[in-house]
């Protein structure tokens, strides 16, 4: 008997179900003696042994369904190795569940935080296989994560719609794209949507540069400007602050988010009407795009193969179009940022996109 | 020679181009001696004689294009009959342009404010035909306006995406839908998207009722709630204020919009995480939906027929599936609100949707 | 205890699930003592007492899901009152199931054929409520059926995509739209997609007129032509044949469908390359459009109200924007065709669309 | 003065305009003294010196527009070096146009056939830069071509829609996907759409295997089957024929395409109803997907950089996420097929997809 535990952790995204379907279809095409334990709401389900027994039938027809049939939660991994306020040692609890159910392997789908915990469980001797899930595409060790392209599609669709209305008025439109620490989604959606200005956490902006770009466009007979900004975009001044100082500054900010702050500053400096769009969690919602479905099916199947081979301790990554296994210890705790000097940024700048950093 | 002026005024929306294409194709299929004057940016273009000569070719291929090829602006009609700060009498200026160009007719596409001005121009002796444009569907005298169904589609798509992510978490999601005075878009998108709570300007809400609905859903094993709120939704207390008092209160509000205010109140009363999505101007953007394309082509063609018949002074309306002409004086200055007692509201309530007004 | 049977019959379409959800949510918001019997695969399930007990939970989350959770089939109603080859009297069998389960009412969702059978069951003394389902919008007594607008959206999307490729080449593109007997879908999608020629079963075409339109477009500098044709479009010569003769002719036709026949004829007469697109059953697939969701929720809720009122023997129709009840005997056996003289056709012709009947 | 010629050749696809926009924006951001000659309808425009002078403004706003603003045609490159029936030496004619206009460089966007001609022109001493355009993704030397992901998206959408209707009936659905020689689009769309059987030109099928798969699905309680077939899929018997014999066989075939032939065979062998969908040229139509927009902007910008550097004779390729230049002589005349032993096929088979080649 092969006993597989499975959980999804962190912010949800498209293709979580597709990836799990790939794992289960892959295993069940080779083995009939399989038990699948679906833990509910992320690591919580493992800690409190809250699970459902699932069969391959439960994974049928979910290729196109958004969200996760297992539920998810953001479990603060920091607390894991110290007992919490109720005296619960969470790592011990998870190990206990794993062993009590005699699991052969635990399949974990998640992003950065999730991988730290997954690696910790691996260090504790559990058999772990992980899949790279996040709309942010900020996981180290893989060219791509599932959810990313779907999020880009949605953010681009938002910019597209704004474009038609923008051309009918003489305004600045700000679209706030998800991404607190990294700007991959904003960068790709911004280029795909034909944004004039793209602001990323990795490239601090100068509000005067932004105002200048808008002025120059107006002078050149282009009365509107489309600005795509990542949630975590930061000005050059704020980038000089210490992390703690900046955090305090943010907490005192009167605006709910960066888009509203930029709007006020741009309105002051350019005398243009500014309009804001915050697609928010739509970027995590809906059916995965075909790219993500193929991608997640592939990494799911590759995970299944590893499990059939009893070869544990890896994240399945995509590199140069091929699925590969990457040791968990190499992945955990590392973020993949947008490199301000990468060829994509250079190409974007060459086509006239401003990143707010220079004229 | 037939000389037609044309302008689009007010907030832009989908199908403006489609409607103009219908007018021009309709006229040019019967008459070859036609001159078309496209005034730029709404009434401004008429006031300052800022126009372009267009041919039927300019209207080819624009059936699916969002925005308006003429540009638009929100011209404050109030000032129209008194000279402005530069001594300009705008109504006189518009009449002057009309007569100088020897126009036979002026086709005006717009919403409520636009129709007041259009009627004023009719009273001044100009030949006017108007088309009912607005995403709000709040024009009196017609069952439908173009832009409405497209806006409903986009707002519904937003709620759909939120739905998949909502089911994976235990949260309240607020989607803020366009509509300051009327709630038609929110009502239709809310029902189409399966919202649990719908808040409209026409049905003042009680925050305690909202909290109760969320509690009851949680108790019934539905940990998430989708709330669709119109920009102009109002609480029962605020609905008792005088208009001026309420306006002052709004100006002092620390939130950029109703969604953020509701979020804070719900978070306090239910202890649930709340997430906000503001699709904003996306609701006016992109290609018109097929419904709006057929609708706008029809009213455009019907306008063409009136012009060919030299029968002026009407808005083309849609009533019971047929295009009809409605005297401009009957339309101007009237809004079509959501009737809280209409069968649509009753049917929505019967299926379990709360409007925040009663348990 | 309220015992409701439910079945979906005929070709499937979008919003079947949405409509059933409306019925169930509507009833269950007022009554807790409800049993729902879902018969499988249309009338077959009723004949053979093949059903599932369902609860309101089974209808949760299916608002946006295409297809029907009950399955469907095309049951030949003709045979119903005579025993079949196995000696089975189907009408008697259906009555038997109904009474054995002590049903209070049977809710039937279907199109034209379905309604004949439904009316027969009513005549046999069963309590029947029906809902108007069909992409064809050919049910008599209602302005609209659910599925129609969704099908129009998909067919229009097909034409839209063809449009961009058409403008890059000098070709004739034929899009074959669903509709064997009536042309509503083709008519609306054709107008919405900007088709140059629309061929409907109700307006017999002349191939020479079609060739002329293509020639004239070429001469006017428009090298491509988009032709939307309903499956059941018929030439003027064939329209003169007796029904039986035409049926025989069709059976001998070497082409799989009208599009391929037209392609050959047009290629011969115009020397243009012709390309064919057959969206086929995609027109019945996918999530219902927001219009259909609101519509089906409304008629579902209105059906629920009738059941709560124990007022049986009706189809719920939509007339002038209001849900109304129409006696089943008035609906059964009547088709709603496109009237060649209706204002929609006139408006379409005025904008330059050819229906292949006249120059 | 920098004089750039530009043409698009072969079947059109999405992102042609986006790619040209990338080239022009890239050049014009660095040089102001640029003349752009847009040749009409592919190589024809170059042969007959049929061109338009374009400015950067003409490339503004076309990022999202399908088709090609230059038009295209399939020019038979075979005839190029021998005078045609009118005594025209096409290669000489193209050289003459190039030199007469004193072009510095010719930018050519096209697929396989286009690249053979492009390389021939390079051998004749012309400065050539090419961009990899084709929905088929069959160009050698690049991981990706633009148009491919957009075509996959559309074909997947088709399968998705069929899926919902398939689950409501007990049928086999065949979707015919573009690809006469290579199966990349069918493979990706098949996996993304959850097809049960995928038939590719590169993996000859056995009709008995297909029938077996359908039978086994029926036995396992899955009454429907989705089959995605590439236009050029071939049976094991036909794959043994000589090329010429097979071509003759195809010409005698009574069916318009493979889907109709398969349908008859499957209907005979399984007694199941079969339905066919032929999305056809929709797969080339509509706005490019965000992936293709970023991709085409990147290769466009990279082409611009080469032109600015006066470094000619290359196709811009994408390899491992980076734009690279590949010598034209290495690309011309080579096709990139689906490798039946690649990891993608293995992963697909592991998840239970049949390729009709083995049980």
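Even glycines carry a Cβ here, placed using N, Cα and C.
Binding of substrate is annotated in TrEMBL for B:134, B:135, B:136, B:171, B:178, B:179, B:180, B:275, B:281, B:282, B:283, B:284; the matching candidate from B:85, B:219, B:231 at the same site is B:231. DSSP assigns residue B:178 (substrate binding site) to coil in the three-state reduction, placing it in neither a helix nor a strand. Across the structure, residue B:74 (ATP binding site) and residue B:275 (substrate binding site) are spaced 32 Å apart at their Cα atoms. Annotated pair residue B:112 (ATP binding site) and residue B:282 (substrate binding site), C-alpha to C-alpha distance, rounded: 21 Å. Of the residues the record lists as binding substrate, namely B:134, B:135, B:136, B:171, B:178, B:179, B:180, B:231, B:275, B:281, B:282, B:283, B:284, the two whose Cα atoms sit farthest apart are 33 Å from each other. Note: none of the binding-site residues B:74, B:111, B:113 has a C-beta at a distance under 8 Å from a chain A C-beta.
Closest by Cα distance to residue B:178 (substrate binding site), from the binding-site residues B:11, B:111, B:113, B:114, is B:11.
Counting every protein chain shown, the number of other Cβ atoms lying within 10 Å of the Cβ of residue B:134 (substrate binding site) is 26. Using a 10 Å Cβ-Cβ cutoff, residue B:284 (substrate binding site) registers 27 neighbours. Distance noted between the C-alpha atoms of residue B:136 (active site, proton acceptor) and residue B:111 (ATP binding site) is 9 Å. Closest to residue B:284 (substrate binding site) in space, going by CA atoms and restricting to the binding-site residues B:11, B:111, B:114, is B:11. The separation of residue B:180 (substrate binding site) from residue B:113 (ATP binding site), Cα to Cα, is 14 Å.
By neighbour count, meaning other C-beta atoms within 10 Å, the densest spot among the binding-site residues B:112, B:114 is B:114.
All protein chains included, residue B:113 (ATP binding site) registers 20 other Cβ atoms within 10 Å of its own Cβ. Counting Cβ atoms from all protein chains shown, residue B:74 (ATP binding site) has 17 others lying within 10 Å of its own Cβ.
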